[in-house]
Amino acid sequence: MDAPSTSSGAQSKLLMPGDDEADEDHQNRGDPNLQQKQKIQLNVDPDYDDDEDDDCFIDGCEASAPITRELVDGAIERRSKDRNVKMSIGVYDEYDDDDDDEEETEEDQRRRFVEGIRNIRHKQQESFDLEEHPIPVESEAMRQFINQQVNNAMMFNQDNSEFQHIEFEPIVKQKGPKIIEGYMWGGQIGTGSYGKVKECIDMYTLTRRAVKIMKYDKLRKITNGWENIRSEMSILRRMNHRNVIKLIEIFNIPAKGKVYMVFEYCIGSVQQLLDMEPARRLTIGESHAIFIELCQGLNYLHSKRVSHKDIKPGNLLVSIDFTVKICDFGVAEQINLFQRDGRCTKVNGTPKFQPPECIYGNHDFFDGYKADMWSAGVTLYNLVSGKYPFEKPVLLKLYECIGTEPLQMPTNVQLTKDLQDLLTKLLEKDFNERPTCLETMIHPWFLSTFPEDQGLGRIMERMRTGDRPLTMLSSMTALYDGITPEDELIIEDNLGIIQQILPINLTSEAVLERGSFPGFKFLEAKPGDGPDGVEGSEDSAAPLGPQRRPSSRSMPTCAPPGPAAGNAQNSTAENGAETDGVASASDPPPTAAPGAPPRRRKRNFFSCIFRSRTDSA
């Protein structure tokens, strides 16, 4: 026998009684029901091919008798068994007159209905029966394998020392260098009211820069944030002086919602130099060198009719060659070209460095140039003594002290008469009597010379010998795999001479601190150094902890640390219980006389409104 064909074009073969036309006419005349029986078809697999050895049909012979049911059933059973071909008879028995359907009684219908309901309930139970649906063999084997591995890894068997330690090596993916607009990003080197400052390096010129990053959302929340940024950009674009920070580039990325301002790089600020000293002050020569650079920068700004209005040590940056540069022009104001003086109307700046005409508010205007000179005088006072000329823990008391109290010279350092005279003139409460920048530059103390003015002294030595911060160190290392600054390089020349190159003296830290200058001699604190609250105390000679920078919008005015426990009573007796104007809640109320009606405790009007911002912290 031939195998069954799988051709898609095979036609199904119809087995009908009498394939011959003559035999068909004879049967049509003899049998009246033949037309109905001719409609009966045998549905056979369409892939079935004719077989010459079939017993039902013999080549060259006509059918001797009509095909009976027994003959067809036998052929179907035989061929299904031999060839695995499924064959079925469609409506073969549909018109069998011998099979008469018996009429179903009412009892049979009831029995059939009950049996159907029972089958439905049985199927629903099988769907929830777990025994009828066993877990596949593959899943059970996988579960056993996982349980075995977990038991071995979790060290449940303490006797077996093979699994006492789990070897775990996390996959660490090194972060690649971040490059935006041709600048490789480094670490953060500072923060401000409008954003943070990061170090970067120009990929084309290999020059270190500092980028100021400002977010759109933060600028919207700050009052006049966008206006101040636009003013700073317009002013810095026109500035070109060695004592004014230089603006390199400005670019904007709307997709990130950030504005970037690229400046020249500086290693730190004057405030950081003060914080590194245990005495919180500099020498007279170092202060003189910084003040000369400050006045030269202010003279240039005033010649361009620009008032900075926020001069303080935190806004004076120091370059690698110890050049002081004025920065942070966020509140600076461009004065009208047709004005004869430096009239300004917007009051901005740090409270401790603001002049009396700004904090009082009793003038319709103030001179911006004279306000900068007041701030320069406070800065000079802070550099030489480590203190502020007017300082109170509460903002209202601070303003009152600036406007009414006379100037007191510091007692922890010895000042010359020329320096005292200059401080007195710069801190004159009447701005009409206050000297201008040109008048200050011809003062005798300003014209005097110190070794620090010629690049000598402690600070210049520190700048030459200290570690150089480089926050792009990790990013630059990632560009060249296998080369690290800590590795010692051994080079052999053509003559066979081996030369060993020591590792580069770099650090990835961004903040100047005492650890950056090993072996450097700092100014030790003496009695009287530090804030006014600890003046004259025995413990003031000890190194002071890190303090916050002067007050700003992001860092409000903080109260100085309280006196020591041993001198608490003396300081209270000298200063008085109501110096700060805030009634202490821990003090017991005064004892009333016997028989007198109870009196309510008097409270200062400002104790609720102007409660110290930092006392609660």
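For all residues, glycine too, the Cβ spot is worked out from N, Cα and C.
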Please state which member of LYS178, LYS212 Swiss-Prot lists alongside ILE189, GLY190, THR191, GLY192, SER193, TYR194, GLY195, LYS196, VAL197 for binding ATP.
LYS212
When you measure from the Cβ of ASP310 (active site, proton acceptor), how many other Cβ atoms are you left with inside 10 Å?
23
Let me make sure I understand the structure: which of the binding-site residues listed (THR191, SER193) has the fewest other Cβ atoms within 10 A of its Cβ?
THR191
Just name the most isolated of the binding-site residues ILE189, VAL197, going by other Cβ atoms within 10 Å of its Cβ.
VAL197
Taking the Cβ of GLY195 (ATP binding site) as the centre, how many other Cβ atoms fall within a 10 Å radius?
20
Taking all residues of the domain 'Protein kinase' (183-446) together, what is their mean pLDDT?
89
Quick check for the class: what is the C-alpha distance, in angstrom and rounded, between ILE189 (ATP binding site) and ASP310 (active site, proton acceptor)?
21
